[in-house]
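See below for the structure under consideration.
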Amino acid sequence: MTALLIDGNALSKTLRGQAAERAAALTARGHQPGLAVILVGENPASEVYVRNKIKACEDNGFFSLKDAYPATLSEADLLARIDELNRDPKIHGILVQLPLPAHIDSHKVIEAIAPEKDVDGFHVANAGALMTGKPLFRPCTPYGVMKMFEAHGIALQGANAVVIGRSNIVGKPMAMMLLDAGATVTICHSKTRDLAAHTREADIVVAAVGKRNILTADMVKPGATVIDVGMNRDDAGKLCGDVDFAGVKEVAGYITPVPGGVGPMTITMLLINTIESAERAAAAAA
């Protein structure tokens with residue numbers, strides 16, 4: 001059996017088309033959705049991510065603002081800039097690209113973003129609201145994964161799901177969203193004693209640790225859905241995920257590739273979150 005491919009590029013194209021239609025409708029009413037992206041320092045990977053986010057905004061009718069600062073920017077100056085953006089009615093989403101230089105407290109920076117503009121879904125108010133099932137914003141990567149399940153009709157209610165990874169950005173919110181959808185969820189991590197014992201029982205496995213080949217074919221239940229959130233490089237420097245794709249695709253029922261799987265969905269859901277913020281702001285101003 002060869003797994004069916006979950007194509008993140010194709011689904012992203014559909015969802016971005018819908019986002020562009022909503023953006024055009026808002027713009028016609030004088031409320032063009034606006035996203036501000038802040039980059040501090042010269043991390044090459046961060047620069048690529050920011051460029052892709054700005055391009056996605058431009059391609060889909062959003063107003064975008066990029067603030068690029070040297071790594072020497074003070075924490076106080078960054079917090080002051082966030083405060084300005086919080087009060088700017090043209091801006092509906094604020095994103096600070098992580099990681100930040102060591103002298104800046106990323107937790108303090110995230111908490112400085114107004115919860116109603118926290119389109120990454122990282123603010124403690126949104127993280128806490130996710131626990132109740134009613135967040136203003138869901139973190140973009142796990143939100144994108146949920147859209148993949150939905151688009152392919154993958155049943156979550158009653159399913160056994162394993163999330164490998166416990167980060168605040170992917171692992172923990174992914175587990176909460178699966179739980180909210182009715183799955184029975186196990187979170188595995190670096191201290192898990194027998195990872196394979198958990199994954200072999202899982203109908204759904206989400207790998208999100210940033211470690212090559214953390215999941216191999218012998219660890220996967222036949223017919224399971226495998227979502228690869230990892231972004232790594234193989235020995236030849238080629239982009240790869242956390243899953244041994246060549247082996248696992250012969251066992252799984254569904255699988256996401258890297259690249260072209262979860263990655264495009266992350267930026268797409270950032271657009272969706274920004275649109276939802278702009279729609280709320282337009283409704284409040286009406």
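Cβ atoms here come from the backbone N, Cα and C positions, even for glycine.
Close to G165 (NADP(+) binding site) in the fold, though at least 6 residues off in sequence, lie G171, M174, I187, C188, H189, V206, A207, A208, V209, G210, V229, each with a CB less than 8 Å from its CB. Sequence annotations record features per position, and here Swiss-Prot assigns NADP(+) binding site to G165, R166, S167, S190 based on sequence analysis.
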- line: Between the binding-site residues S167, S190, the one whose Cβ has the fewest other Cβ atoms within 10 Å is S190
